[in-house]
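Q: Mind looking over this structure? Questions follow.
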Amino acid sequence: VEAALTEAELEQRVDIYLSETDTLWMLDLPTAVVSTEAEEAVRVLERNKIYVEICNAKIDSEYFEEKMVQTISGATKTKEVQCETITVAEKGMMVTSWDFDSSLDASQTEPTKTEKPTDTAEKSSKSPTAEEHGQAVAVPSARESAVPARSHEEMECHSEAILTSENLKQDLVVMERILMENIFQPKLAVYRQIPVLIEPDVTSDTDREEGEEEEDEEEKKDEKKQEETSIKPSTLSDLNQSPAEAAAPSLEQLWSYRCDLTSGRSVSSMAWNKVNPDLLAVGYREFVSRDQKAGLACCWSLKNPMWPERIFRCEHGVTAVDFSLASPNLLAVGMANGRVAIYDVRSRNDAALLDSSASLNKHTGPVWQLRWVQQDRGATGGDRRETLMCISGDGRMTQWFIQQRLDCFDLMTIKRTQSGKKKLPKEKERKSEAPICQQAAGMCFDFHPEDTDIFLAGTEEGHIHCCSCSGKEQILGTYRGHKGPVYKVAWNPSSTDMFLSCSADWSILLWHRDSHTPLLTFTSVTAFVHDIKWAPKSAFIFAAVNERRVEVWDLSVSIFDPVLSCAASPRGNLSSVLFAKNAECLLLGDSCGQVGVWQLHNLAAPST
């Protein structure tokens, strides 16, 4: 029976200590791998070292014996392999009388060491009567059998030397260009705006009488073909042309720059050479399942539209190209991994002359656009220097200088801006969330045609910043009008206070430099507008390309609809556009690696 506690005992303080019982391990599987930073790493390494020493010590020990155990071999299997049939080819060569003469001359000039024993053998076997009648032919037959073999080897070496000579390569290039000019002569004549040469038909009287009926049938077929070809421009322009509207603007394709190397790649940028207007640089890139494949930078010439004059292979996709004006042989190339390279088009070597891989300030995002810019060196204004400008997806606008290596400094850092949305009266305030990156990705830029200290920069946010090169990060103004990334901005070359911009929000905006709201908005189809270009000789005409169509706008005719809209790439999406410098032509690049040259017909007269 428990005794009752007294009041004194109840008031007494009692300390109770709680302790953990022993851990009972049901299953212990020690780890086989220990981190080198663990506390027991030293002990494990010591045990491993001891084990290795024990194994090494047992090799020569008489108590250690190595035995082999033979397992049961499985059932054998018989396999038969059938190879392809061996093909037999016959080869022959044609020998002319000149080859016999040259081989005979070679046999007479070269002394042979095997003549003496053959002569002695012949003298012992021949009779004087045989020598008199000319029946001794043993020595000439042996000599002739050796001479053709030796001359055949010499001929092979001589033919290889001819095929690998630089003179033959140069002659083949000239011959190829002559053939290309003969094939493309009518198209090149239209491009250069010169008369087309027509070959005269020379036929005899009998041929004329026999071919009268055939000519009548061919004339009927040609009339049908001409009717079909006359329908094609109208189907391309998608305009219901009546006979009264025969003078409507239209496009006619002359030729396309394409080859096997460029097929399957997307045309990212195009640029004319500043000195040679017949030389075109095209950049190609390819994206498959978000993996960037190798790119190409090709230089095409009017002398050969079927194969590029220069091919520069790049590790990553090419996103921008541009020729230098001070040194027209230098081609700047921007790539998707942020690399900037400069190539010399005079050299046939495809290695880069300068590269930004070793630069500490190289871009970490894609170089979306680059351009050689002529800037004033000092206050005199007469001394101008050329610099290379780049804008990248890492939010930096850089200026590159060429010395022993290629390096740059930041001209401006594009920072993210707060949205200018106005709150509704009943809208609750949301907590401000800090952006992941403080820089906004730069997409495009364009320098003022007269004042090269001023330039526009389009961003991924949809804003266009008007900036100055004189002060670092000096933004003169911001134009807000697009709701998607700005793909291109372009100053008007004639009216220098106006500029265009295109975006992924399906619109093209016309801006004035002094107004932060767009003057006009052009929207014809619901598709991304990838590129825009002003016509070089007119202040009212510009061209734009979206997913499937090319549009030519003439603001002196209409500000609501384009004067020309056609699907110029039936197989792929259009990606870039460029006006020809010395012709009324338009160049269109698509996602299939094709650059089409199109002739513009019936456009309005140029006006500044």
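Even glycines carry a Cβ here, placed using N, Cα and C.
No curator has checked TrEMBL annotations; they are predicted automatically.
Note that the structure is a prediction, hence the values are computed from the model and not measured.
From TrEMBL, for reference:
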- 112-134: compositional bias 'Basic and acidic residues' (COMPBIAS)
- 202-220: compositional bias 'Acidic residues' (COMPBIAS)
- 221-230: compositional bias 'Basic and acidic residues' (COMPBIAS)
- 231-243: compositional bias 'Polar residues' (COMPBIAS)
- 103-158: region 'Disordered' (REGION)
- 201-243: region 'Disordered' (REGION)
- 479-521: repeat 'WD' (REPEAT)
- 522-556: repeat 'WD' (REPEAT)
Q: On average, what pLDDT score does this prediction assign to the repeat 'WD' (522-556)?
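A: That stretch averages a pLDDT of 90.
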Q: So, by DSSP, how many helix, strand and coil residues make up the repeat 'WD' (522-556)?
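A: Computed counts for the repeat 'WD' (522-556) are 0 helix, 15 strand, 20 coil.
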Q: How many helix, strand and coil residues does the repeat 'WD' (479-521) contain under DSSP?
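A: Summed by class, the stretch gives 0 helix, 21 strand, 22 coil.
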